[in-house]
Amino acid sequence: MLTKLKQQRAFHLMLIPSVILVFIYSYLPLYGMIIAFQDYNPGLGFKSHWVGMDNFEHVFRQPNFVRTIWNTLYMSFFKLIGGIVVPVIFALLLNEVARAALKRSFQTLVYVPNFLSWVIMAGIMIDILGSDGIVNSLFVFLGAEPISFLGSPSMFPWTMIVTDIWKGFGFGTVVYLAALTSIDPGLYEAALIDGAKRWKQTIYITLPLLMPTIILMTVLSLGNILNAGFDQIFNLYSPVVYETGDIIDTYVYRLGIQQAQYSVGAAVGFFKSIVSCILLVLSYILAYRVAGYRIF
Amino acid sequence: MVQDNSLGRKLFHIVNYMVLILVSLICVLPFVNLLAVSFSSSAAVSAGEVVFWPVDFNTKAYEFALKGDEFFRSMWVSLQRVVLGTLINLILMVLAAYPLSKTKEKVLGRGIYMGFFVFTMLFNGGLIPTYLIVVQTGLIDSIWSLILPGAIPVFSMIILMNFLRGLPEEIEESATIDGAGPIQILVQILLPLLKPALATVGLFSIVGHWNSWFDGIIYMNDTANYPLQSYLQTLLLSFEQIMLRASTDYTQLLAMMNVRTGRAAQMFLGAIPILAIYPFLQKYFTTGLVLGSVKG
C-alpha cells in the first residue's frame, strides 16, 4: 500500500491545491452554518452563544418570511413553465425553416441576451420599461395607458417572469433544435406515405421524440425552484414591490448583509440549503431514471 | 424530403416567418434602442423622440464615461480578474480532472475525492457563512476575494474529466512504457488533446468572471476596488449622484446628457466585450453541453 501511494504521489499532489481551496471556501462555510443556532457576535466569531432554534422560530413567525416563500415559488413556477414552452415552440417553428443559413441567423439573434449579465439587462429594462421608455411610448402611441412595469406590485412578478424567459429562451431553443435535427427524416417520409400531414407528423412523431429532452430540461430545473432569480430581482426591485417581489435570496441579503443580522440570515439560508439539496438530488435521480442523463 | 406546395403550406410559411422575425426583433430591438439613446441628446431622449436611430447625434455620454476614472479603474479590475481568475480556474481544473479521470485502482481514494467535490454542487453554506469565511481569511477589499472562493468550478472540472476519460487509453500506456511520468504525460501529451474542451470551460470561466457583480459588491468595502459589473450595478440606482460628483458645473452637464443617455452609454460599453467574443461563445457553449453529459 505504501509503495503504491508512492507511485501515485504525483496524482495526489495534483489534487491538493483544489482540495485545500474547496475545504476553505466550501466546507468551512458549512461549519459556519452553526451560527444559525447561535446569537452571532463578530467578536466571538463561531464561538458565539448557543440559542438553539430561536432564530428559526423568530424567522418562521415573520409574516415577511411566508411572503418571500410564496413569491419565490410563484415566480419560479411560471418561469419554469414559460422557460420550457417558449423555447419548444420557437424551436419547432424554426425547424420548419428550410434554409440552414436563415435558421442559424434567427438562432444567433435570440441567443445573445443569454450571455449578458443581469446588471446590463437590468440597465436596459429600466430604460425601456420606464415611464418615458420606448415600451410605454408605444402604448401611449396606440392609445393605451402607460404601465408601471417595475413599480406596481401587481405587475412586478409578471415583468420578472416575462423578462426572464426573454433573456433565457435562446439557450433552450439551441438545445431543442439540436434534438430536433437528430430525428431520423425517414420517419417523416414513412408518415407521409401513410397519409399523415405536417400537423399530424408534429403531434405523433416530433413531440414524442422531443419528450425525453423536454423532461430532462424540466427535471434539471426543478432543483433550482428555490432560486427565483436573485440577480434579476435584486437589480430591478424596490421597496414598493417587496410585497410581491421579495424572494428568499433578496430577503437573506437584506437581513444578513445589510442589517448585519448574521444569525437570522444564516437561519433562512440554512432552511433554503436543506430544501434545495433534497430537490437537487431528486432532480438528478429523476434525470437519470427518465432520460438516462448523468453528469457524474 | 418530399415537397409540399399546397396553399396551406405556403400560408404557414408566411405566418411562420412573420412570427420568427417578430420574436427575433423583440430580442434585438431593446439593444438598438439603448444604442440610439446613448448617442442622442438629452432633450430628444426626455421628449421621447428616440426610437431606433439617434436624434441630435453626439458622443457626450461616452466622453463622460471615458473621462471619469471610475469606469477605467473598474474595467482594469475586471480585466485582472478575468485573466487571473480564468488562468487559476484552468490550472486547478486540469490538475484535478486528470487524476480523477483514472480508475480507483490507479488513484487510491478517487471515490472519496470525487464525493468531496460533488457534494459542494449539491449543498452549500449559503450567503452569510461564506461571507464570514471570506472576511475571516482576510480577503475583503482584495481581488483574491473574487477569485479564490470559486477557484475550482466543479461542473467544468467534471466536463474536463469526462473528456479525458473519452480519450483512448493506448496514448498514455505507450508514453508510460517510454518512461514518461504523470506530469510529463499531462503537459506534453494530454494538454494538446484537451484543447477543444479547454476552450469550452475557459469560455465558461471568462463569461462567469466578466459577468459577476454581486461578489464585488459584498466583498469590496472600497468602491475603488469594484470590478466593472459591480460598478455598473451602482449606476442602476444612483447615476445622478455620479454626475453630481463628477462635475462642478452640473447644470451645464445636464444640458448635454442626462441619466438615461449616460447610463445607456456605460451599459453598452460593458456589453461590448461579450458581444465581441459572441461567435466563440455560440460555438463552444453548445459543444460544452454535449461534452458535459455521459449518456448511458
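Even glycines carry a Cβ here, placed using N, Cα and C.
Feature annotation from TrEMBL assigns domain 'ABC transmembrane type-1' to A:69-283.
What TrEMBL lists as transmembrane segment is A:12-37 (among others).
According to TrEMBL, the transmembrane segment annotation covers A:73-94 (among others).
What TrEMBL records for A:115-144 (among others) is transmembrane segment. Here the transmembrane segment (A:115-144) has long-range neighbours at 150, 159, 163, 167, 229, 231-232, 235-236, meaning same-chain residues at least 6 beyond its ends whose C-beta is under 8 angstroms from one of its own.
Per TrEMBL, transmembrane segment is recorded for A:164-183 (among others). Beyond the ends of the transmembrane segment (A:164-183), by six or more residues, the same chain brings 79, 82-84, 86-88, 90-92, 94-95, 103, 107, 110-114, 116, 118, 121, 205-206, 209-210, 213-214, 217, 229, 232 to within a C-beta distance below 8 angstroms of the stretch.
Annotation source TrEMBL lists transmembrane segment at A:203-226 (among others).
Beyond its flanks by at least six residues, the transmembrane segment (A:262-287) meets 32-33, 35-36, 38-40, 42, 48, 51, 55-56, 58-59, 65, 216, 219-227, 248-249, 251-253, 255-256, 293-295 of its own chain at Cβ-Cβ distances under 8 Å. According to TrEMBL, the feature transmembrane segment maps to A:262-287 (among others).
Outside the transmembrane segment (A:73-94) by six or more residues, the chain places 103, 106-107, 110, 157, 160-162, 164-165, 168-173, 175-177, 180, 202, 206, 210, 214, 217-218, 221-222, 224-229, 233, 247 with a CB less than 8 A from a CB of the stretch.
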